[in-house]
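**Student:** Dropping a structure here in structure tokens format, bear with me for questions.
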Amino acid sequence: MSRMAEQQLYINGGYTSATSGRTFETINPATGEVLATVQAAGREDVDRAVESAQRGQKIWAAMTAMERSRILRRAVDLLRQRNDELARLETLDTGKPLSETAAVDIVTGADVLEYYAGLIPALEGSQIPLRDSSFVYTRREPLGVVAGIGAWNYPIQIALWKSAPALAAGNAMIFKPSEVTPLTALKLAEIYSEAGLPDGVFNVLPGIGAETGQYLTEHPGIAKISFTGGVASGKKVMANSAASSLKEVTMELGGKSPLIIADDADLDLAADIAMMANFYSSGQVCTNGTRVFVPAKQKAEFEHKILERVGRIRPGDLFADDTNFGPLVSFPHRDNVLRYIESGKREGARLLCGGEALKGDGFDNGAWVAPTVFTDCSDEMTIVREEIFGPVMSILSYTDEAEVIRRANATEYGLAAGVVTPNLNRAHRLIHQLEAGICWINSWGESPAEMPVGGYKHSGIGRENGVMTLQSYTQVKSIQVEMGKFQSIF
């Protein structure tokens with residue numbers, strides 16, 4: 001593949017060179033080839049983007065709800081028309097198979113934008129009667145300029161999850177994609193402009209997270225930060241946001257989620273769910289159910305079914321129709337995942353399969369790790385306690401409900417959880433005791449536009465998707481109207 005042209009920043013409706021003079025490279029993780037050199041935004045570029053966003057936001061917010069809705073719907077149409085083009089670029093940048101990016105990444109992002117475009121006319125205030133001569137009414141007004149900071153695992157989907165409610169509510173957004181996967185966010189900016197979004201309402205600033213991201217969190221002209229990433233980075237973002245100007249924050253952070261297989265579960269269904277909860281996107285999904293709790297008496301049979309299904313994983317050419325497993329997103333991340341795997345071996349977990357980098361057959365130059373399953377795991381092991389963000393499943397056995405609930409909740413995380421059982425009374429009883437913000441019964445992983453998603457504990461603050469997220473991008477103004485005679489005590 002030929003190297004792409006140097007990528008610039010997208011500010012005020014068009015591409016512009018970074019003033020910092022700094023660049024970084026984005027890599028195809030399947031082959032190790034450089035895809036493009038990307039310009040990195042500096043502090044002056046953030047200032048330019050904020051000024052542009054402030055101008056554009058005034059124009060955008062002054063439009064009627066239906067005008068804004070039509071523009072966002074045009075962007076939805078453009079996304080769907082260009083699905084294949086965007087999916088191919090996402091595959092090159094992330095290492096996900098085309099079978100995945102073409103069916104999920106752009107499609108689900110467009111769904112969220114369509115959902116919020118439809119909600120714009122329904123964004124309304126309320127009227128509260130006080131007495132015959134007086135009433136209060138409320139208005140939901142935009143925050144102004146907000147910033148989104150994305151993660152590298154779902155680049156365009158995350159950009160849409162953050163920008164859709166923000167723009168629908170009348171805000172402007174400055175989006176910083178991960179430096180690991182920056183390419184499709186720039187294409188999204190082009191699409192928004194083509195759809196008719198006023199200049200400056202959606203700006204994209206590629207850059208190094210510790211620098212560009214910090215400039216955004218510290219900028220007094222930004223009213224809110226929506227961040228997706230790790231817990232440690234999220235705490236820094238939150239601290240900077242509070243110290244600078246008491247910004248509002250939404251945080252979608254890490255997870256170490258439990259998947260509980262009940263003793264009455266269909267083990268074939270349970271194994272299918274566990275595979276999707278661990279190996280989809282090569283395990284690089286924040287909600288993955290990496291702690292798989294299985295009744296002790298059924299563990300051996302469950303292990304057998306998992307190994308059967310691991311045999312159906314097909315790594316290879318990312319553009320081949322039958323490939324369903326790709327490399328990890330980068331070489332540093334691959335090395336980190338391999339270190340976790342070695343810790344599992346060292347701490348006494350029994351390795352059922354994988355446990356190493358994939359070699360040969362075109363894998364040598366990429367960031368490939370074999371699908372890995374550990375069993376006989378215990379709660380204190382590093383692979384059970386810490387988020388790995390790779391294709392590593394840990395199987396743990398349990399004896400009764402009280403035990404498995406206690407152990408499932410014994411984590412600083414609280415992003416997701418799941419239960420597999422045909423007994424819905426039991427399913428609800430278990431789910432209601434689990435400390436997690438996103439839960440599934442007899443399923444895993446679907447996050448439709450209508451469903452609020454977010455975590456408990458260290459897994460985040462606030463929600464993405466759903467009606468409540470649209471409201472979180474507004475501020476409420478209360479107005480009392482007095483129609484009678486005003487009484488003064490002076």
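Note: Cβ is positioned from N, Cα and C throughout, glycine not excepted.
Since this is a predicted model, take the numbers as computed values, not measurements.
Marked as K(+) 1 binding site by Swiss-Prot on the basis of sequence analysis: THR26, ILE27, ASP93, VAL180. According to Swiss-Prot, the NAD(+) binding site annotation covers GLY150, ALA151, TRP152, LYS176, PRO177, SER178, GLU179, GLY230, VAL231, ALA232, SER233, GLY254, CYS286, GLU387, on the basis of sequence analysis. Per Swiss-Prot, active site, charge relay system is recorded for LYS162, GLU464, and the stated evidence type is sequence analysis. Swiss-Prot lists LEU246, LYS457, GLY460 with the feature K(+) 2 binding site. Residues or ranges marked as site 'Seems to be a necessary countercharge to the potassium cations' in Swiss-Prot: GLU248. Among the features that Swiss-Prot reports, active site, proton acceptor is placed at GLU252. According to Swiss-Prot, the feature cysteine sulfenic acid (-SOH) maps to CYS286. Swiss-Prot lists CYS286 with the feature active site, nucleophile, giving sequence analysis as the kind of evidence.
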**Student:** Under DSSP, is GLU252 (active site, proton acceptor) helix, strand or coil?
**Tutor:** strand
**Student:** From the Cα of ASP93 (K(+) 1 binding site) across to the Cα of GLY150 (NAD(+) binding site), what is the distance in angstrom?
**Tutor:** 14
**Student:** When you measure from the Cβ of GLU252 (active site, proton acceptor), how many other Cβ atoms are you left with inside 10 Å?
**Tutor:** 27
**Student:** Express the distance between the Cα positions of THR26 (K(+) 1 binding site) and VAL231 (NAD(+) binding site) as a whole number of Å.
**Tutor:** 24
**Student:** Quick check for you: of the recorded positions VAL231, GLU252, GLU464, which have their Cα within 10 Å of the Cα of LYS162 (active site, charge relay system)?
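**Tutor:** Within 10 Å Cα-Cα: GLU464.
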**Student:** C-alpha of ASP93 (K(+) 1 binding site) to C-alpha of LEU246 (K(+) 2 binding site): distance in Å?
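**Tutor:** So the alpha carbons of ASP93 (K(+) 1 binding site) and LEU246 (K(+) 2 binding site) sit roughly 35 Å from each other.
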**Student:** Checking your reading of the structure: which of the recorded positions VAL180, GLU248, GLU252 lie inside a 10 Å Cα sphere centred on GLY460 (K(+) 2 binding site)?
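**Tutor:** So the list is GLU252.
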**Student:** Work through the recorded positions one by one (ILE27, GLU248, GLU252) and name whichever has its CA nearest to the CA of GLU179 (NAD(+) binding site).
**Tutor:** ILE27
**Student:** Which one is it: of the binding-site residues THR26, SER233, which Cβ has the fewest other Cβ atoms within 10 Å in this structure?
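**Tutor:** The binding-site residues THR26, SER233 were compared, and SER233 has the fewest Cβ atoms within 10 Å.
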**Student:** Have a look around PRO177 (NAD(+) binding site) and count the other CB atoms within 10 A of its CB, chains all included.
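**Tutor:** Excluding its own Cβ, PRO177 (NAD(+) binding site) sees 30 Cβ atoms within 10 Å.
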**Student:** Enter the number of other CB atoms within 10 angstroms of the CB of VAL180 (K(+) 1 binding site).
**Tutor:** 20
